[in-house]
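A quick write-up on the structure given underneath.
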Amino acid sequence: MSDSLTELLLEIGKALIVLVGIVGAGAFMSFIERRLLALWQDRHGPNRVGPFGLFQLLADMIKMFFKEDWIPPFADRRIFILAPIIAFTAFILAFAVVPITPTWGVADLNVGLLYILAIAGLAVYAVLFAGWSSNNKYSLLGSLRASAQTLSYEVFLGLSLMGIVIQTGSFNLRDIVEAQAGLWNVVPQFLGFITFLFAGVAVTHRHPFDQPEAEQELADGYHIEYAGMKWGLFFVGEYIGIVLISSLIVTLFFGGWHGPWLPPFFWFALKTACFMVFFILLRASLPRPRFDQVMSFGWKVCLPLTLINMLITAAVVLMNVQ
């Protein structure tokens, strides 16, 4: 077997392992969320299927798989089917450039940050397609909310990272992690971290920024007409987005795989898991603001913070050069 073929097979195997790990982490997070919410709300949570309810996730998957794959007769069939596929794959493709360890990652791109912002932006199309193709007023209103919120906060998401790019001089995520060997970016880039955290919650439509779904207002928003595995793709895609944002926070601000004693993979996984639990804690503890308050917070608070962070970082770098 030639070296090139061996290398190709290794890369394919590596990509498959990362794919299974991401989907598994996103699916398992849904179970952990239900257990933690039950703990914090003083109730039992899922505890009937398997020991400690561990097989509840498998039961839910079987249920979704065997539910009727119904498409409304008034829907645009092709776009209706395409929407959940885009929602599921966009965040997975974005994960391709995230370095898990010094030697483990699917791709090492010099423009890794730009790639993530571009690919993650495809999720907006999934929301718009779902809302428009469903031909339902609540679905359309939810998709319009989601697209406005996502497009707005993706601006802040990108601007919050420009301070890191100015500081490290690279869009490569591996270079950014290596630059944090002595000091994590969360210290000099604290404003960038805060705005990235807010924007990450908003882009993934998580509580308290879950305005596109707002059950009390929009009857579950843009995926109201979806059922079975199509709804399951939206559901798992949301949790994969949380895994992606958590891993990016760790990679960009908390040193990635760097840490004492433990192997690099365990440090990366432990830090990522901590932020995934933090996302769940936000859902359990915060109320949902109005949609106009969410948009005002982005443009009146997050945008100025990102610009201030860029100016401070540029000034510090310029002073160090001189």
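Cβ atoms are placed via backbone N, Cα and C, with glycine included.
Annotation comment: Swiss-Prot describes 12-32 (among others) as transmembrane segment, evidence class sequence analysis.
For the transmembrane segment (79-99), the residues of the chain that approach it from at least six positions outside its boundaries are 15, 18-19, 22-23, 71-72, 105-109, 112, 115-116, 119-120, 122-123, 125-127, 129-130, 132-134, 173-174, 177, 223, 225-226, 230-231, 233-234, 236-238, 240-241, 243-244, 247-248, 251, 256-257, judged by C-beta separation under 8 angstroms. Taken from Swiss-Prot, the feature transmembrane segment applies to 79-99 (among others).
Sequence annotations record features per position, and here Swiss-Prot assigns transmembrane segment to 111-131 (among others) based on sequence analysis.
Distant neighbours of the transmembrane segment (151-171): 110-114, 117, 120-121, 124, 179, 185, 188-189, 191-193, 195-196, 198-200, 202-203, 209, 252-253, 295, 298-299, 302-303, 305-307, 309-310, 312-314, 317; these residues of the same chain sit at least 6 beyond its ends, with a Cβ under 8 Å from one of its Cβ atoms. Look at Swiss-Prot and you will find 151-171 (among others) tagged as transmembrane segment.
Residues of the same chain lying 6 or more positions beyond the ends of the transmembrane segment (183-203) and with a Cβ under 8 Å from any Cβ of it are 120, 123, 149-150, 152-154, 156-157, 159-164, 167, 176, 209, 241, 245, 248-249, 252-255, 258, 279, 282, 294, 297-298, 302, 305-306, 308-309, 312-313, 316. What Swiss-Prot lists as transmembrane segment is 183-203 (among others), and the listing cites sequence analysis.
As annotated by Swiss-Prot, transmembrane segment applies to 234-254 (among others). Long-range contacts of the transmembrane segment (234-254) within its own chain (CB-CB distance under 8 A, at least 6 residues past either end) are made by residues 22-23, 25-27, 29-30, 84, 87-88, 90-92, 94-95, 98-99, 116, 120, 123, 126, 130, 161, 164, 173, 176-177, 180, 184-186, 189, 192-193, 196-197, 200-201, 203-206, 223, 226, 268, 271-273, 275-276, 278-279.
Residues or ranges marked as transmembrane segment in Swiss-Prot: 262-282 (among others).
What Swiss-Prot records for 301-321 (among others) is transmembrane segment. Outside the transmembrane segment (301-321) by six or more residues, the chain places 153, 155-156, 159-160, 162-163, 166-167, 188-189, 191-192, 194-195, 198-199 with a CB less than 8 A from a CB of the stretch.
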Distal contacts, the transmembrane segment (111-131) - CB-CB under 8 A, six or more residues away: 79-80, 82-87, 90-91, 93-94, 96-98, 139-144, 146-147, 150-151, 154, 157-158, 161, 165, 171-174, 203, 212, 222-223, 226, 234, 237, 241, 244, 248
